[in-house]
Amino acid sequence: MSQLRLLLFRLGPQARKLLATRDIAAFGGRRRSSGPPTTIPRSRGGVSPSYVEEMYFAWLENPQSVHKSWDNFFQRATKEASVGPAQPQPPAVIQESRASVSSCTKTSKLVEDHLAVQSLIRAYQIRGHHVAQLDPLGILDADLDSFVPSDLITTIDKLAFYDLQEADLDKEFRLPTTTFIGGSENTLSLREIIRRLESTYCQHIGLEFMFINDVEQCQWIRQKFETPGVMKFSIEEKRTLLARLVRSMRFEDFLARKWSSEKRFGLEGCEVMIPALKTIIDKSSEMGVENVILGMPHRGRLNVLANVIRKDLEQIFCQFDPKLEAADEGSGDVKYHLGMYHERINRVTNRNITLSLVANPSHLEAVDPVVQGKTKAEQFYRGDAQGRKVMSILVHGDAAFAGQGVVYETFHLSDLPSYTTNGTVHVVVNNQIGFTTDPRMARSSPYPTDVARVVNAPIFHVNADDPEAVIYVCSVAAEWRNTFNKDVVVDLVCYRRRGHNEMDEPMFTQPLMYKQIHKQVPVLKKYADKLIAEGTVTLQEFEEEIAKYDRICEEAYGRSKDKKILHIKHWLDSPWPGFFNVDGEPKSMTYPTTGIPEDTLSHIGNVASSVPLEDFKIHTGLSRILRGRADMTKKRTVDWALAEYMAFGSLLKEGIHVRLSGQDVERGTFSHRHHVLHDQDVDRRTCVPMNHLWPDQAPYTVCNSSLSEYGVLGFELGYAMASPNALVLWEAQFGDFHNTAQCIIDQFISTGQAKWVRHNGIVLLLPHGMEGMGPEHSSARPERFLQMSNDDSDAYPVFTEDFEVSQLYDCNWIVVNCSTPASYFHVLRRQVLLPFRKPLIVFTPKSLLRHPDAKSSFDQMVSGTSFQRMIPEDGPAAQSPERVERLIFCTGKVYYDLVKERSSQGLEKQVAITRLEQISPFPFDLIMREAEKYSGAELVWCQEEHKNMGYYDYISPRFMTLLGHSRPIWYVGREPAAAPATGNKNTHLVSLRKFLDTAFNLKAFEGKTF
């Protein structure tokens, strides 16, 4: 190889000259023969070194195997390469060499010039976007850097970078296969090459795509943008674009005239976003998409609702009326946060299309994973594995796109098998400012869109004051998504004509920018003048279009005054047809029984302890676990993992789709679940026995997630939005880690129904328990969930027949801490069998997963049984309640510590222990019954958490309300602390010992006042 490289180094020009002759098989032939080929394939790519190497090695092996011209060339080349400069040469050879050198010099120059042109073309493809004219204001460079790459020919003197001269500008050069600027031509002059490259890469569109590591995808983009004449629009397309711009701009103008002092976060400065979104939807509809799910922030949201989703204008305008009364319970939300669902005909394609705009909070980008989850679910229920029928569009602000970490988390879900939505079109409203923050202070990367490079998503920057460029880019983006099932980003470089909101004064912080903005001609006028000048429309037609839309707005404004009541349910983004009655209420308020037939339990247990596939070798340790499950099934008992298996399996039998997601959920953080079996002999061969229960069962999805909480929990929340007939669960690796998803919990799960009248049945499984494992592996922070529960601690409830189910219907979420596998089984089934949906927070155990006493009998799970909100004392103390001196209430794992300690002290008759399985809504009725039963006993709340954490601050005032402050509820547990747990095992055991001693010291509270 080194010999060949030396040879080519010395005689490269001759080799290229030889390749260029028509009697040699050119690059692309790839055919060896004893004679010249009958047809000679030509290539615009020039010389292929690999082809020369191929010929050379073939010649070394057998000189007769190559064409005679190659044989002559290699013989001469080898001979000349072996002659050193110090060796004497015969006069004839010297004369021949001089002629050869002269020829070589010319050939070398020609080849080098062609190579320079190829490098030049590649330079524009890679770096042309840096000098594209993207800022409508002409103030900023879109990449925040005024540096011009030295390999772009922005001035004549730059030709020297490639060792080219001005005289070369009119020379013809063969174009490589990696460009389409020639169209049908194979050669162009250097001047024309530069002109076409400038036109493609350095005008109002800046393309970032050369980092993509797929040649086909790069070629596809090059062809879409480099081919001459691709951006030509018909008269009808231009008129449609103008009409859409009219609607976009006049809508904002109308709001500004009618409600000049109201916040609306208008779209002025980026009015082109409306035709941009409509183009993406039109093109996608043309390619077969039937359902588009959108997520976006507040900027321009009302305009999107009006002109993209096509919400009735009077429904939007009436929201500006301060006297409008809310018909729905709950807080409601501001108008620029509300969602929408609408089915209509797409006028361009004449096809049905469903558009959903997902409601979102002010927390920027938080809606991104929610939209992706909802999209994934809609694709799943339609059987749309390739994303041909359902797609998502996400609209972002430039500052948030660069600044919010959830954007990165969401991008990294885009190609995971259980999370991909087969491509999302991202539209960035890049108004070059974040509230008052200059982009130079808002990001370290050149562009706000650089985060998208991590998933090889192409990025199309476009000047928003060039509507035709915007529309073309959006059309290509929709095609890209349909062709490659990958994300794509459209960066609309625009400006913000007003302040962050309409009451804000931007001149305080951006005086020079806003001086320019005040001079800026609106894009509608620019484009209208252009079309009028070229004769596409007349001035009269343009004015009539404006008057027409103004009239539509005025008429809607008149109708809006008749609206006296606001129905938030009319703004629902995810309706569930047939689940509620016509008024949006549950069809019944019956509390479900959640037990199942014993033969179903046995069947699920047998499948859970087997391997349904033949010749599937599992790990020996797993064989032991499966044998244990089989043994429990025979004995009619279940542990925690088997109870979960039976809950899931029974729901699958009833046609309920189950999806479990989170970090390491397939095996389980604590190696207890093992829902996915792995063949020990065949790499990546897996088996999910849960999908082999019944022939006609619903599908079960269990999937390890990326190491993300915020993004993945948001995704699962969105997934649960799509249908009520599914059990969607997210499990934290440890309950402590849920707080990195706190935004989703606070803004969507806890408050979603109150703000947006949106039911959601998502389940959070949060491993929790004080076991001496340190402050980050102990607490799921139950106090936070209970603090956000909306039941009134001071309101004494009325105990009606349907009190239990009414409590559940009125709450914002359900919080449980199950102490038995049976309770866990029932609460999971109840979650789906209730006639409505509420989020369920489950504090799940760790050590109880294998605790010998933490088992349940089939008798507690068979037909006729149901979830017990409270499990009362059933031992000797319950037989003689009048003799009981202390009644301890507790929840979760600490129950087993208390029972063990009570037994060791022989206090079974003096101390009763009652467990709360459901903490919120608080089981007032059951607590009252238990307190009355032990009327002479001292009441104690015992928890293993610290006093300022856990449950005490929640249960204490409710006990007081229930008991009329007549009996105190004493606290037993750990002292207040800053950290949730200790990392020192000895300290943990000492504190455990201390509160257990207090719990069973019957004189501990003598003389104390409550």
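From the backbone N, Cα and C atoms, a Cβ is placed for every residue, glycine too.
Annotation source Swiss-Prot lists transit peptide at 1-107, citing sequence analysis. The region 'Disordered' annotation in Swiss-Prot covers 28-47. The annotation Ca(2+) binding site is assigned in Swiss-Prot to His130, Asp143, Asp145 on the grounds of similarity to another entry. Summarising the annotation, Swiss-Prot assigns thiamine diphosphate binding site to Arg299, Asp398, Asn431, Ile433, Gln663 and lists similarity to another entry as the type of evidence. The feature Mg(2+) binding site is assigned by Swiss-Prot to Asp398, Asn431, Ile433.
Long-range Cβ neighbours of Asp145 (Ca(2+) binding site) (same chain, at least 6 residues apart, Cβ-Cβ under 8 Å): His130, Pro446.
In sequence order, Ala399, Pro439, Arg496, Pro506, Gln510, Met513 are the residues of the chain that are 6 or more apart from Ile433 (thiamine diphosphate binding site) and have a CB within less than 8 Å of its CB. Sparsest Cβ environment among the binding-site residues Asn431, Gln663 (other Cβ atoms counted within 10 Å): Gln663. It is Arg299 that, of the binding-site residues His130, Arg299, has its Cβ surrounded by the most other Cβ atoms within 10 Å. One way to see the shell of the Mg(2+) site is to take the Cβ centroid of Asp398, Asn431, Ile433; the remaining same-chain residues with a Cβ within 8 Å of it are Gly397, Ala399, Val429, Asn430, Gln432, Gly434, Pro439, Cys494, Tyr495, Arg496. Cα spacing between Asn431 (thiamine diphosphate binding site) and Asp143 (Ca(2+) binding site): 13 Å, rounded to the nearest whole number. When Cα-Cα distances from Asp143 (Ca(2+) binding site) are compared across the binding-site residues Arg299, Asp398, Gln663, the shortest belongs to Asp398. Neighbour counts of Cβ atoms within 10 Å were taken for the binding-site residues Asp143, Asp398; the minimum is at Asp143.
Residues His130, Asp143, Asp145 make up the record's Ca(2+) site, and a Cβ search at 8 Å around their centroid adds His129, Val131, Asp141, Ala142, Leu144, Ser146, Phe147, Pro446 from the same chain. Among the residues the record lists as binding thiamine diphosphate, namely Arg299, Asp398, Asn431, Ile433, Gln663, the two farthest apart have Cα atoms separated by 37 Å.
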